[in-house]
């Protein structure tokens with residue numbers, strides 16, 4: 001009883017609101033436009049987010065704490081010889097992979113000279129500044145002797161070239177660790193790719209070589225020069241590629257990921273314009289009909305204008321509050337399109353059900369009472385689900401600001417549909433009541449006047465006047481609309497046919513089977529190449545790197561941050577045990593082997609061990625650079641203590657995929673908790689992977705919970721709580737199918753796909769809730785009858801919004817970007833699966849599942865009986881015709 005009272009009260013409130021807006025249409029039409037223009041002017045403060053880590057790395061993660069600890073113990077300016085794979089911070093750098101189209105050996109004489117020539121060209125790059133030209137020597141990371149640090153593979157190639165020049169045949173390169181002529185053991189696992197080895201790890205050939213050039217960025221001027229050097233670096237490499245066509249060169253810099261991420265917005269512009277043109281065309285066609293008076297093409301266009309004004313207002317507010325644009329915002333217009341178009345088409349559908357002899361204000365009031373309650377509830381669902389995603393509970397910044405922007409846009413879209421679109425409906429209503437042409441606003445002549453006009457004139461001004469409409473046919477004046485006619489005369493009878501239902505059920509079982517198969521293969525995707533434009537430096541470099549340099553994992557720093565008994569042999573064995581199974585690029589094992597060769601016991605007193613350690617750094621040149629990996633602390637009695645140390649590890653692997661690296665990270669972390677020695681492990685890529693799965697799923701998880709709670713509490717607002725039960729089951733079925741099929745379509749569960757799944761919850765409710773509500777609340781007829789009635793009432797709006805949405809999505813599939821590819825596939829699946837449920841699954845399942853629609857049987861009594869009056873008419877040929885008139 002309470003639900004019915006609340007339901008009627010809300011309908012009355014919306015009816016009065018509609019009447020009020022119809023009384024002041026000019027104000028409610030102009031106010032949203034003025035607000036949008038004022039807020040849209042804030043685009044003069046338009047800013048683009050530069051930090052990809054800020055957007056896509058979890059905001060609260062253990063990896064960031066570990067990075068701060070590592071930076072405090074071993075600052076970058078101290079790590080001059082240990083810059084493998086950007087061990088602590090990406091910084092500024094230029095990187096290049098050199099390979100051959102014919103899989104040639106990059107270590108032969110020709111390619112060695114070519115690579116050294118490229119190295120020379122890179123080191124001579126100049127960045128002009130007022131009064132000075134900066135070269136690599138001015139901005140490089142410096143060694144202890146004030147010379148630039150370059151990759152050890154350059155020294156290897158130079159020694160190889162000298163060996164060939166002097167006809168030395170005893171020079172050999174080993175893999176993954178080789179020795180230079182100064183005795184240093186250097187790791188080349190990430191510098192030699194596609195390696196073929198002889199016995200004892202001697203390199204026979206290498207299909208690719210990678211060079212890295214590290215730059216300083218200690219202040220703003222230095223950082224600006226380094227950024228320009230990176231740009232010149234790419235230009236130099238591309239120029240070198242043109243003059244040496246037999247080799248393939250893949251450049252990459254610290255700015256490549258950011259530039260390629262934002263490149264999606266630039267390459268999408270013309271496709272979005274195409275999408276807009278298609279949607280406008282389809283919206284106008286969907287609102288048009290042969291009757292030139294009752295046709296509403298302007299409302300199709302004004303519905304899109306309403307959505308555009310709301311999006312512009314939201315963008316203005318984001319700009320004014322200091323928000324920054326990023327490429328994930330490309331999905332916001334499509335979120336708005338799905339919700340806004342259905343709301344406007346539902347209002348138009350309600351307008352068709354009103355009586356034409358009513359005043360425009362009364363018709364508008366009925367439209368608001370009929371359509372605004374469901375539209376308000378679905379808008380509330382959008383605000384709650386995206387609001388939870390915009391809360392601090394969301395750990396991925398890109399997801400949080402996307403949800404925040406969507407919330408603002410949806411809120412203003414709701415307000416503008418109430419005001420701007422409602423006013424537009426009032427204006428077109430007056431045009432209709434005055435029998436004016438829906439496009440040209442010209443008075444339509446009477447039929448007798450039209451008969452004297454040319455055929456083309458009669459075709460353009462075809463209309464049905466009220467005098468031509470019988471009293472019982474008034475409700476059918478809009479049946480000339482193509483979609484209305486299609487649903488009412490053909491589709492509703494076909495989908496509820498007894499022979500069609502088994503095939504629909506079979507298709508649903510097939511749908512569930514394939515969805516389950518995909519659901520069991522879901523994988524989280526944290527690969528950053530999934531969010532950038534295709535045919536870019538990031539994609540090409542990443543592909544080449546995975547092809548040639550997949551034998552070893554990224555270099556992982558192993559940091560011991562306590563003072564332990566390094567001189568104790570048992571502690572040494574413990575440390576070596578923890579790193580068992582890795583290739584150790586470290587001072588620790590090498591130094592112990594050095595002491596053993598000298599027949600020196602490692603189980604020494606503390607002072608003797610530290611003294612010998614320091615002396616070894618001075619006397620053994622091959623260990624001089626390892627001093628960077630140990631932190632000494634001098635106490636008051638001149639005793640020296642080792643307070644922290646580090647070593648570097650790489651894991652032998654067949655494929656350096658993210659899941660494998662994530663499992664490795666979790667394994668080492670669990671080991672650090674249970675081990676006797678306090679240590680941490682770190683690599684910059686851990687910042688993106690750390691708790692990525694839980695951070696990624698949190699917005700979707702929270703949104704699902706909030707949606708369920710809202711559905712539960714809204715049960716008190718709807719007339720029947722069974723509506724919410726059906727909505728919940730439908731949402732579960734749609735989301736399950738979307739997740740399964742997007743996995744089969746090779747879409748991983750990343751930031752973009754999770755945002756689409758949150759939208760999918762709301763899109764399903766948007767389209768299915770009115771359909772289910774009409775069916776559940778129906779009385780006195782069979783289930784089949786109410787299924788047909790629900791499709792006739794709401795099916796046109798669903799079909800119109802679906803057609804506009806789909807034609808708007810298709811250009812998105814052609815955008816050369818992985819981000820938009822993921823966006824298209826997810827949104828297309830959401831729209832298609834929801835459409836499949838609305839027009840196939842639900843109409844069939846509802847015909848044989850609750851609620852029951854038993855027809856009440858009336859008792860036959862004298863007061864309630866059928867009276868039949870028969871009139872016999874006889875024609876000339878004595879043919880008898882009996883006309884029965886039945887009165888109940």
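Counting begins at 1 with the first residue displayed.
Note: Cβ is positioned from N, Cα and C throughout, glycine not excepted.
Values in this document were obtained by computation on a predicted structure and should not be read as measured data.
TrEMBL lists transmembrane segment at one of the ranges 239-258, 299-318, 399-418, 419-438, namely 299-318.
Segment contact is absent for the transmembrane segment (827-849) and the transmembrane segment (372-393), given fewer than three CB pairs below 8 angstroms at sequence separation of 6 or more. Sequence-remote contacts of a segment are chain residues at least 6 beyond its ends whose Cβ falls under 8 Å from one of its Cβ atoms, and for the transmembrane segment (299-318) they are 32-33, 35-36, 38-43, 276, 279-280, 283-288, 332-333, 336-337, 340-341, 344-345, 348, 404-405, 408-410, 412-413, 415-417, 420-421, 424-425, 428. Taking pairs at least six residues apart, the transmembrane segment (330-351) and the transmembrane segment (21-43) share fewer than three Cβ pairs below 8 Å and do not count as touching. 499-520 is the stretch from 271-287, 372-393, 499-520, 790-815 with the greatest number of Cβ pairs below 8 Å to the transmembrane segment (725-745). 790-815 is the stretch from 372-393, 757-778, 790-815 with the greatest number of Cβ pairs below 8 Å to the transmembrane segment (271-287).
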